Amino acid sequence: MKGIFPIDKFRTLQTPFYYYDTKVLRDTLSAINHEVAKYPNYSVHYAVKANANPKVLAIIRESGMGADCVSGGEIRAAIRAGFPANKVVFAGVGKADWEINLGLEYGIFCFNVESIPELEVINELAAAQNKIANVAFRINPDVGAHTHANITTGLAENKFGISMQDMDKVIDVALGMKNIKFIGLHFHIGSQILDMGDFVALCNRVNELQDKLEAHRILVEHINVGGGLGIDYGHPNRQAIPNFKDYFATYAGQLKLRPYQTLHFELGRAVVGQCGTLISKVLYVKQGAKKKFAILDAGMTDLIRPALYQAYHKMENLTSEEPMEAYDVVGPICESSDVFGKAIDLNKVKRGDLIALRSAGAYGEIMASGYNCRELPKGYTSDELV
Ligand code: LLP
């Protein structure tokens with residue numbers, strides 16, 4: 001495993017930093033395109049929130065995907081990376097006026113709308129620009145997902161979407177608006193989902209809703225089922241490419257797509273998760289009263305997932321072949337939750353060793369913060385470090 005990293009190059013760079021293996025990223029994108037090609041009316045938008053590093057975005061754009069954005073900043077990042085505006089969708093529960101205006105100015109494909117007040121604002125702003133805004137409604141399908149509570153989104157108690165009971169009313173309001181064109185329904189039940197049964201539950205709900213709408217003679221061109229496909233964080237030999245075959249086949253088998261409809265997906269983690277690694281250096285090895293700590297120069301400011309969701313990222317000592325010992329691997333931040341893992345087996349650690357935190361390409365660099373006045377980590381691709 002260690003052989004895949006340019007360790008001599010790493011030693012010349014200031015740690016911590018993110019390292020993106022572009023072969024893994026390109027292989028992942030090809031695997032997605034290979035599966036999607038089987039279904040002529042499927043299309044994938046990359047969820048920019050997972051990773052907006054410009055070098056990563058450029059590679060994803062080359063693959064032909066669209067972009068799923070949740071802020072004006074993400075729309076700008078996507079356009080700057082060359083995503084065509086007509087392949088950009090704009091979602092999010094709280095869109096500011098300037099962000100809506102930006103989307104309208106670029107002529108993006110669609111706004112995923114989450115409430116009537118938001119719809120009214122989009123209608124008004126579109127009228128002021130003399131434009132028609134395409135909208136899809138994000139429906140909260142009240143479907144649970146077997147994942148961490150902080151990243152389930154499709155339950156009735158969550159803030160996201162329009163409830164199923166309100167759906168007809170919202171559609172009626174939209175159909176009466178002059179500067180709104182109602183084109184689709186949007187769903188998203190959560191993230192890091194590995195149980196295909198959760199997606200089946202979503203498909204069943206979408207089928208029910210579609211039947212109900214058709215009974216009212218309401219037809220929609222686009223169904224967007226969001227993202228959520230999980231990745232393998234833990235196994236000793238992590239599966240680098242997620243199981244896209246089963247994922248798309250589940251939708252093909254379960255969702256009753258009408259022949260005139262397109263099905264949209266918004267994958268984030270499954271696209272970029274496995275290509276990214278956080279590389280950090282050991283500052284100190286400290287023998288505590290009960291255990292040994294490996295203190296890294298990377299902390300929760302660089303990779304917050306362990307602190308926020310008790311997430312596990314596989315760790316490896318890239319510069320030691322000595323026998324394994326157990327360490328609590330921690331960062332330098334003044335918070336007790338700044339812990340990457342407890343009792344982690346690593347090849348014997350000494351000051352200066354390079355530690356890799358794997359599967360960190362999604363929600364890693366992009367969620368970094370400057371807390372404790374720390375510098376944001378840089379991101380390098382394997383293409384740059386050859
Ligand atoms: N579409 C919508 C409407 C979303 O809210 C999300 C993610 C996605 C698509 C992309 O989901 P993905 O394919 O990446 O699962 N920071 C958390 C994950 C938050 C996900 C938020 N929404 C983490 O590090 O696990």
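Just so you know, glycine gets a Cβ as well, placed from its N, Cα and C.
Per TrEMBL, pyridoxal 5'-phosphate is bound by G228, E266, L267, G268, R269; the candidate from Y309, Y312, Y327, Y363 named for the same site is Y363. Cβ neighbours of G268 (pyridoxal 5'-phosphate binding site) (same chain, under 8 Å, six or more residues apart in sequence): Y46, A47, V48, K49, A50, N51, D68, S191, G227, A362, Y363. Taking a C-beta cut-off of under 8 Å and a sequence gap of six or more, E266 (pyridoxal 5'-phosphate binding site) has these contacts in its own chain: V44, H45, Y46, A47, D68, V89, A91, H188, N224, G226, G227. A straight line from the CA of G228 (pyridoxal 5'-phosphate binding site) to the CA of C334 (active site, proton donor) spans 32 Å.
Ranking the recorded positions L267, C334 by other CB atoms within 10 A of the CB puts C334 at the bottom.
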